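*Asks:* If you look up Swiss-Prot, you'll see 9-80 marked as domain 'KRAB', on the strength of sequence analysis. What Swiss-Prot records for 199-221, 227-249, 255-277, 283-305, 311-333, 367-389, 395-417, 423-445, 451-473, 479-501, 507-529, 563-585 (among others) is zinc finger, and it gives sequence analysis as the kind of evidence.
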Amino acid sequence: MAAPALALVSFEDVVVTFTGEEWGHLDLAQRTLYQEVMLETCRLLVSLGHPVPKPELIYLLEHGQELWTVKRGLSQSTCAGEKAKPKITEPTASQLAFSEESSFQELLAQRSSRDSRLGQARDEEKLIKIQEGNLRPGTNPHKEICPEKLSYKHDDLEPDDSLGLRVLQERVTPQDALHECDSQGPGKDPMTDARNNPYTCTECGKGFSKKWALVRHQQIHAGVKPYECNECGKACRYMADVIRHMRLHTGEKPYKCIECGKAFKRRFHLTEHQRIHTGDKPYECKECGKAFTHRSSFIQHNMTHTREKPFLCKECGKAFYYSSSFAQHMRIHTGKKLYECGECGKAFTHRSTFIQHNVTHTGEKPFLCKECGKTFCLNSSFTQHMRIHTGEKPYECGECGKAFTHRSTFIRHKRTHTGEKPFECKECGKAFCDSSSLIQHMRIHTGEKPYECSECGKAFTHHSVFIRHNRTHSGQKPLECKECAKAFYYSSSFTRHMRIHTGEKPYVCRECGKAFTQPANFVRHNRIHTGEKPFECKECEKAFCDNFALTQHMRTHTGEKPFECNECGKTFSHSSSFTHHRKIHTRV
């Protein structure tokens, strides 16, 4: 059968208007919602090719001004692209008549979500068939759109309805709408609720004052998503969701920050962004008083007090505070790598790793530190780097009071108190505190050495060792001690050296109270108390507390004497013996 002809659509049909008295009944939230819905509708029509007129009503909408003095003077336009002739009349104190078939009732009922959602009203005496893709003008403002990009679908149509849809419609007056709005307020007793909301959902018990509202609510339980995007086939429950979704395809970002010019697809995101400029933090934790800009951050923070980790991995039993962390973790089990490089085809599990990899092709590092000139590809890396200059350490250990610049370092540190080592090697059973250590360890089994020196061709298992090696070619020692001017290749060496000047000994033995400057010395000392000797000689099975002692012992089997005296040519197996020998030559 041939497709039905497109019906004429009047722009007047998509405008909801009020008298001055009706406008006065609306609170600020309802007026704001009205403005957003109308502007959303206008933008949708424009994006679909409608030559929508922009009279004074629309001008006032865009500028957030009062609307009750505006009189509608709008002419018709068509989906087929006929030219519209805007007609603007002088503002008067009397406002336009409110259309009984408008969606005012829906706007008020849905004001809390601040979304323009399409209501499907039902009149028991009225069942209207509408041609597919063409909705009757005047039934609902959001339905009057061209069906080129959006379509309405329903799975349970009778055979004779294959070309039509059933639209449930009810006439709603402003008084009905305001009554429903008031009846949903706080302080109502159960009897009043039952009288005002006679239509009850059998699934969840929620009450509604109108039958059409109950029907629409029951779509949630039924899983009905009648609005489908013709670009990708995604289905949505509400028209407003389709409108927002379409911006993914069009790239439209209609909400622009007047402070910095950044644009957003949703007004909600703009509102949150503007708090960066205003410093507003409306979400405050009752436990500790910490305030947050975003509600999502506030909810995540609250979980640190409740210790709730609602996202549980069924594969390994690990639980997570955040759905994003859970989703990333699940990729470990599934092996899924969502982010693929268009240049070399390499795939990545995490978006941040993918972005960092892309820099190897583009060389782009847009985040510049004004203090030292260092650049970064990720804003998060830049933020962490800035803490070096500011000295900020936002992550403090509740056990020992030690503070950390990076969250990852803080998490690893906490495991020194708990003894937790959640990352286990499947080859040898060795466990690690963090995933990066496990990845590096796995290279022992695989023999992988991904870091190759372009100067000499030497390859390395660890990135840190590779960086240190590169400095042997450049001679660069970027870390200089301000006390004695000694320079170091590595930050770890620099940190250990600084303890000579400060006298800091952060590693304290719980058994005997002895303190150490270096973590390696602390670990070796602890083995005196535990009796642990993990390093065993394969030749004679003798065991040692540390790897250094094993290395020296192995020279008794190999005969290696790496320490040679420049004065007399004598060689030694141990550095201590070599140092003692040199004193013979230096004696006066």
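Yeah, the Cβs are placed from backbone N, Cα and C, and that goes for glycine too.
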*Asks:* Could you pull the average pLDDT for the zinc finger (423-445)?
*Replies:* 83
*Asks:* Could you pull out which residues elsewhere in the chain have a CB under 8 Å from any CB of the zinc finger (395-417), counting only those six or more residues past its ends?
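*Replies:* Long-range Cβ neighbours of the zinc finger (395-417): 384, 387-388, 433-434, 506.
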*Asks:* Taking residues 6+ outside the zinc finger (451-473), which of them lie with a CB under 8 Å of any CB in it?
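*Replies:* For the zinc finger (451-473), the nonlocal Cβ contacts are 440, 443-444, 489-490.
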*Asks:* Quick test of the contact rule: Cβ under 8 Å, at least six residues beyond the ends. What residues does that give for the zinc finger (283-305)?
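*Replies:* Cβ under 8 Å, 6 or more out: 272, 275-276, 321-322.
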*Asks:* By DSSP, what is the split of the zinc finger (255-277) into helix, strand and coil residues?
*Replies:* 11 helix, 4 strand, 8 coil
